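Enquirer: Below are the features I grabbed from TrEMBL:
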- 17-38: transmembrane segment (TRANSMEM)
- 50-66: transmembrane segment (TRANSMEM)
- 155-175: transmembrane segment (TRANSMEM)
- 246-270: transmembrane segment (TRANSMEM)
- 282-303: transmembrane segment (TRANSMEM)
- 337-362: transmembrane segment (TRANSMEM)
- 406-423: transmembrane segment (TRANSMEM)
Amino acid sequence: MFSYLKKLDSTATESQFGWIMATSSLGHCIGCFILGWWNSRASRSAPPMHCGFLLMLASNLVYLLVDSVPPSWVAHVMMLSRLLGGFGMGNSSPMRTCASLHSTATDRSKAMASISGGRSVGTVVGPGLQLMFLPLGELGITIFPGILSLHSNNAPAFLGIVLTMVGFVSLIVLFEEECAEESDKKAIADFENQYNTVKEEYPSSDVIAMLICMLTRFVQNFMQISIETLAPAILMMMYFQTRQEAVASMATTYLTTGFIATVLYLLIIFTKLSAIVRDKIFNSLVLLLFVCHLLATYSWQFYTSHVLDRGFSNETLTGCDETHFTWCSNLTISPEWIFYIGYILSFGLFMPFINVANATLYSKLLNPDNQGTQQSLYDISNTTARIFAPIFITLIYSAYGPRRAWESLCLLLLFTTFLWIIFDKRLVPLKPIQKQMFDNDGFEQEKSPKTKLVS
């Protein structure tokens with residue numbers, strides 16, 4: 001998207017692109033909370049999900065207008081498109097709530113893998129599909145002369161419209177949601193009170209444990225979005241790739257990452273691989289593996305190649321612009337193959353495990369009867385990362401270079417890992433408290449413990 005923005009508005013900057021990316025996340029935060037609250041109040045998941053699909057459809061339609069607006073409007077139209085798309089992605093909260101309420105503790109990992117896997121794979125594979133649209137070129141096929149054409153930059157929006165319509169129709173035709181009436185719920189409760197001698201009540205959820213899970217969700221996505229945001233600029237600056245080459249390189253990387261992640265999610269869902277996913281261990285382990293990824297791709301001083309070995313090109317925008325970045329003079333080049341391998345391993349092989357482990361543990365920390373609002377907070381922790389990561393990382397990159405950006409991400413990951421170690425005993429599933437009940441003259445009372453008097 002950054003290369004497309006630069007094509008339509010040559011005055012656009014990296015910071016402006018960061019704000020465009022953050023707009024989607026802001027909309028996602030608002031959408032998650034509203035649709036999650038709607039789900040809790042209505043006790044139904046289908047209506048909020050319908051609304052989410054319609055908003056995503058509107059987002060793609062607005063994106064198609066970017067070609068036909070003046071250059072000074074391009075960034076604003078992109079922001080509006082991303083904002084509407086963010087609102088639509090808020091349907092992840094009712095989806096996650098539905099999966100949690102209709103699964104048991106033993107198959108919760110499979111249910112969460114279905115939700116997390118579908119979304120995560122789509123997030124990774126989506127940009128990778130750009131590769132299949134490259135043959136269309138910059139000009140593409142004219143649909144409405146002077147108004148709309150299909151080319152390599154807006155073709156994903158056309159595909160998004162098709163997929164959104166398929167999802168919307170499938171939700172209407174295939175998804176059946178049965179909700180008990182209030183009278184039925186009252187009858188069941190009266191029956192249980194009359195014949196059951198044991199009443200189960202869930203205590204309040206551990207707020208500290210919830211916050212650690214939400215922080216982990218924030219940090220893992222903060223790292224991924226940060227690297228995705230900087231990847232095109234790094235490929236053009238450090239590895240001297242043109243805009244088209246950078247798009248093709250990252251598209252191939254996204255597709256490879258998505259393929260590996262898809263295979264892992266399918267294995268978790270349909271095999272016994274979910275049995276080895278230990279919630280707490282996998283969270284801490286994957287966070288440390290992310291740190292290893294950053295250390296492997298860091299521009300260490302012992303590398304012999306420098307970004308100034310080749311001059312900056314105003315035509316292709318390749319190389320490091322000394323007039324714009326003061327940190328170019330001492331920046332070394334890490335091996336390019338490590339950059340790709342590190343990304344594929346971290347977000348294709350490691351990310352699925354932490355997605356499933358963290359989402360599963362978080363759902364077990366909550367009262368299983370009503371999780372709509374709490375699940376929206378979990379999704380908001382993800383979307384908050386999408387708001388701050390592009391802004392924060394582009395500001396650091398512009399002022400201090402990729403080294404300081406990598407160091408900041410390492411500190412954030414290590415701090416989160418430290419919290420998992422410190423609060424290990426509090427990160428356990430919520431268990432109901434059983435209370436013995438008996439009938440006394442038509443009134444249900446709690447049985448008092450018997451005490452023995454000793455004289």
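In case you wondered, yes, glycine gets a Cβ from its N, Cα and C as well.
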Enquirer: Could you check whether the transmembrane segment (246-270) and the transmembrane segment (406-423) come into contact, where contact means at least 3 Cβ pairs under 8 Å with the two residues of each pair 6 or more apart in sequence?
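Expert: Result for the transmembrane segment (246-270) with the transmembrane segment (406-423) is no.
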Enquirer: Take the transmembrane segment (17-38) and find every residue of the same chain, 6 or more past its ends, with a Cβ under 8 Å from one of its Cβ atoms.
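Expert: Cβ under 8 Å, 6 or more out: 1-2, 5, 47-49, 51-52, 55, 75, 78-79, 82-94, 97, 225, 229, 372-373, 375-377, 379-380, 382-388, 390-391, 393-395.
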Enquirer: Determine which residues of the chain contact the transmembrane segment (282-303) at the Cβ level, with the cut-off under 8 Å and only residues 6 or more beyond its ends counted.
Expert: 216, 219-220, 223, 238, 331-334, 338-339, 342-343, 345-346, 350-351, 353-354, 357-358, 361, 402-403, 406, 409-410, 413-414, 416-417, 420-421
